[in-house]
């Protein structure tokens, strides 16, 4: 896995690099001190990164604007923001961050987030397979927004469109649960990576779609979503 560290503070930069050197898996990484330096590297086509550790308070182009430009080129890379303040969280959701780390970054928290990133990339490289008529489809887990059960049919909603095929929602939920997917209604299974807001009676996705939350699944949905949000902070 190729990793980019974009951090202008030398102490934090050295700390993150020491953690990567200590991690018991062979990794490759590049270090950048500004958003401009990172963007120039990417736009010149020098390399591809699967994971970014990004400071938010960078000189010049800040971390949020840097990641906005990265997202225009790459929707699949994982972004971990390294920041001093949790208040920044509400400003960065448009770039779909994977996790947050609070400075000073603790070794245990860093290893936890790095391990989760590697597992996420492994799982989301997996594909959901199904047939529509005589055609076999393979959809990456990371592109799935939610699944909707309708009697014997499944309506699969993804970032690129909708597919309808025959299947059982319960069986698909079990298959996708290692990727963090959870059920919020007897007819809906959702990918928490695309949740913008959660209410007692509904879930709002980043694309504005609203998914119902039923009373019988409310507790489970809250617990699963809270677990996901805690994971974003490396807790």
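Placement of Cβ uses the backbone N, Cα and C atoms for every residue, glycine included.
Remember, TrEMBL labels are computer predictions, not curated facts.
Taken from TrEMBL as is:
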type    : residues : note
DOMAIN  : 2-118    : domain 'Response regulatory'
DOMAIN  : 128-227  : domain 'HTH LytTR-type'
MOD_RES : 55       : 4-aspartylphosphate
DSSP state at the residue listed as '4-aspartylphosphate', helix/strand/coil: strand
Whole-number mean of pLDDT values that fall within the domain 'Response regulatory' (2-118): 90
